[in-house]
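Q: Dropping a structure here in structure tokens format, bear with me for questions.
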Amino acid sequence: MGCCSGRCTLIFICTLQLVLALERQVFDFLGYQWAPILANFFHIIIVILGLFGTIQYRPRYIVVYTVWAALWVAWNIFIICFYLDVGGLSKDSDVLTFNISAHHSWWSEHGPGCVRAEMPQASGVRATEYITVMGCFMDYQYIEVMHSGTQILVALLGFVYACYVVSAMTEEEDSFDFIGGFDPFPLYHVNEKPSHLLLKPMHLST
């Protein structure tokens, strides 16, 4: 397959997915979002596996990547529904932190233009309590939805091109199997001496 083939396109898509996944992992760590952190971790591993399979012509690895791409789309649809409060889900719940902490998305307090209003808990105490966040150019849930939407778009492209690459590799393997398959002559044979050399007459001297 040439450089402009679907294989090279899939390599580019996997590389882009790694960059996007690492960026998302950083902000999920900052927000202590444990469920997305685990999902991103598995996503990075599978994308690296798919990238390796594409470079090394390993269709089985690409098949694993294809299955994960479908699951990754489903996960990001869940994240969109979570932040948009769809289907009984609530962005104010602690589902993404496994109910072990009350942390929320990092973007809820550090979004573009956001200003946090603080009030000291007590005199002489350094700890502060955040009361409200004001002046945000965009609500944090829409930032998370944009992240998930981008992940879905790239994953769908990866799914399509992975299916194409697996199909192309399978066809190439099948074509190689037929080479020499119907050859009536063996691939390896021993060169035998012509029979007329064995029947060469002998002249006796008188």
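The backbone N, Cα and C atoms fix where each Cβ goes, and this holds for glycine too.
Keep in mind it's a predicted model, so treat the numbers as computed, not measured.
So TrEMBL says this about it:
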SIGNAL    1-21  signal peptide
TRANSMEM  37-55  transmembrane segment
TRANSMEM  62-86  transmembrane segment
TRANSMEM  148-166  transmembrane segment
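Relative to the rest of the structure, where do these features sit?
A: Under 8 Å from some Cβ of the signal peptide (1-21) lie the Cβ atoms of residues 40, 43-44, 47-48, 50-51, 54-55, 62, 65, 150-151, 154-155, 157-158, 161-162, 164-165, 168, all in the same chain and six or more residues away from its ends.
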Q: Near the transmembrane segment (62-86), which residues from the same chain, at least 6 beyond its ends, have a CB less than 8 A from one of its CBs?
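A: Distant Cβ neighbours of the transmembrane segment (62-86) are 10, 14, 36, 39, 42-43, 46-47, 49-50, 53-54, 95-96, 105, 141-142, 144-145, 148-149, 151-152, 155-156, 158-159, 162-163, 165-166, 169.
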